[in-house]
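Here's the structure, in structure tokens; my notes come after.
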Amino acid sequence: MKRRIFIIIPTILILLFLPGCWNRRELNTLAIVQALGVDRTEDGEISVSLQILKPSAIQSSTSDKASGSKSVWVVTSKGETVFDAIRNASLQTDRKAYFSHNTVYVFSEALARSGISDELDLFSRDSELRQLPYVFITRGKAEDIIRSDYEQEKIPGQAIEKLAKVSFAASKVPKIQLIDLLKNFASKTNDSIIPGIELVQEDNKEPSEESLKLEGTAILKRDRMIGWFDAKETRGVLWVLGKVKSGIIDIPTPGNENKKSGIEIIKANSRVVPEISAGNLFMTINVHVDANLGEEMGNTDIVKPERFNELENRMGSAIKEEIERAVDKAQNWDVDIFKFGTEVHRKYPKEWPELEKNWREEFKEIQVTILVDAKLHWSGYLNKPILPNTSEGSG
Amino acid sequence: MLENAKITPRQFIFVLVISRIVIAITFFPVFAGPPGNQDVWISEVLSLPVHLLLTVPFYLLWKRFPKQSLFEYTQTILGRTGKAVTLLYVLYFIHELSIFLYEWCAFLTTAIMPETPVLFILLFLFPFCAYAVLKGIEVISRFAEFIAPLVFGGILVIFLLLAKDMDFKIFTPVMEKSMISILAGAFVMGLRTSEIVVLAILLPHLQLNSKKTKLVLLSGYSLIALFWLITTISVLATLGIEFSKTLQFAYFSAVRLVNIGDFIERIESIHLSIWILSGYLRIILYFYCILIGLSQIVGIKDYKPLVLATLTILLPVSLSYQSNISDLNEFLSYTIVSWVNLIFIVVIPSILLAVAFFRKLGETNA
């Protein structure tokens, strides 16, 4: 018994000390950051906007936004470096910013045009910041995106994250996490793409009713942004990268050229095959697409062999056109966003060191062949249009 | 022999393997040496024969003196000068342990507890080390057997959880650089295995007929190579080569990326728990070796009175090692550490062996 007491008393004493440690953080001392925006001010300082969760506001109600209390609070602070700016935020917040639950990074175009690798350094070096949040570039100020409100979700930061996650449905913007960027930056030849995010204001509504929208794709040469790709060009890039998961392709309906039909992409994959012959670099992009007829406008009896095949062919050339546009533009800007360099390295390790030295010039000269193997499978619940077009006939 | 301790073959293997792979899951040093590209996995496979080759001097010494550990046969072979060699090895172990304690603190203070003082981390660790070592090598090896499923299972689980994000294309082109650099990479990896010296101390305790010892060594080194492969694939296929090279704790960074359906994520704690367990095993193992050597030098039968004294020396020594991360990286680069280890793993035992051969000491018929 005596021995047991000798064991129990120190155990309890140790227990008193163990739970409290140097890096103890209680929930009520943390300012949980949901989204982070980085701008550069006119005098060259870094300005960081933090979207901080208000736990009390989340708890109070689940659905009434009408009560007026916002569930997040945005703090903007400035500093010489990103870390400095973040720590300067503690002069305004009574709690220390905590980044482990951050879901979104937003950069302004102005900042991105002068290179973002310096700003990203902290996000990959610090133990609290993670590499899985999504990255966006906005044409305006990142602060405005962070400050914006969102109808569907209580926390705008999470809304932006979910926007990125459902972006696959249209395949018109890429889905880029910080880790993808870091991997591209570390490789010697890859260039990167980052989705754009905008505030859109509808004409007949009040200025306060702005909403967020993903639009366009920022193209980065190494870490410097050089321009935007529109939706079609972006999908061209995504086809090559094999990142198209779903989406709609609009093509003129065979038999009624003024109207369009929508093809729903079900599955797509791609393979890029480099070829060196006679000192020239050739690149063959094989894209295989499985799709269904999703919508038909024009009331033609489309589920007939010749029309269905025509539709299939047009779909193939529509995809080919998208890819061509993307490749042309990328070769004009000499940005290897398709990771062609990596493919060449894999197939021609011997020739690669020579090619790598002057990869941008080589990339411009690549002769690209695009082979699209598009397959149209099903037509949904309908096999004939509901309103048959009798005046023209179905011929 | 100091203790009459017995280690089963399985415990023996686990002690070696866990103590070795803890480095891979902390610093991931495969990129530091040649070939430094996607072919490191070939080097890891080749590390198996290289390990066996590097073990030959100690293995032959043990064949001659099957009942004696390294610290004992130095004196059998060289007489009184043997004590100097023993001291050299004790210093080597103190050095290795201090380096590892440095790594231990570097990882904890960078990745998990940036504000906790290093002194506090070590002060908390040392009583547990003392406790384990006082219990003897049998308990240490049983501890290894106990944590082995956790460590191996943890690494496998992390591999499976990362499988979704892996891109195996990263391993092409195969054999980009010459075979020589790949082989050199295997030698660099093998020379980082200071456990070969530990082996010379543990072999007399191995409870096995001596014919099967080769099999034990072979399976131990195969397990090391296997887990190196698993960790390397986990890191390279998820992070890519160029990015992994820039990371201080590459394996930990890969583990931080686990995210399955926004549901299974933030599993760093798995990595951390297996890392703490296996790191602790490595610390007590080396500590035990230091104590055995010291008690041989002093000439006492029992090393237990030396435990606290050694710890009080070890604390300032390991603290004095700790300057900053750039020094650590510089010292652990293969150009320095390989040569240091080469002396202790190959050169000194070969000299001992030669002397034993010419003085016709030990069992020669084996």
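Note that Cβ sites are derived from N, Cα and C of the backbone, with glycine treated the same way.
What TrEMBL records for B:12-34, B:40-62, B:83-104, B:116-134, B:146-163, B:183-203, B:215-241, B:272-294, B:306-324, B:336-358 is transmembrane segment.
Listed as Cβ neighbours of the transmembrane segment (B:40-62) (distance under 8 Å, sequence separation of 6 or more from its ends, same chain) are residues 30-31, 34, 70, 73, 171, 174-175, 182-183, 185-191, 193, 196-197, 199-200, 203-204, 213, 217-218, 221-222, 224-225, 228-229, 232-233, 236, 345-346, 349-350, 352-353, 356. Beyond the transmembrane segment (B:116-134), the same-chain residues lying 6 or more positions past its ends with a Cβ under 8 Å from any Cβ of the stretch are 101, 104-105, 108-109, 140, 143, 280, 283-284, 287-288, 291, 304, 307-308, 311, 314-315, 318-319, 322. Only residues 6 or more beyond the boundaries of the transmembrane segment (B:83-104), in the same chain, are considered here, and those with a CB under 8 A from a CB of the stretch are 23, 26-27, 70-71, 74-75, 121-122, 125, 194, 197, 279, 282-283, 286-287, 289-290, 293-294, 296-297, 313-314, 317-318, 321-322, 328, 331-332, 344, 348, 352. Listed as Cβ neighbours of the transmembrane segment (B:336-358) (distance under 8 Å, sequence separation of 6 or more from its ends, same chain) are residues 33, 54, 57-58, 60-61, 64-65, 73-74, 77-78, 85, 88-89, 92, 187-188, 191-194, 196-197, 200, 330.
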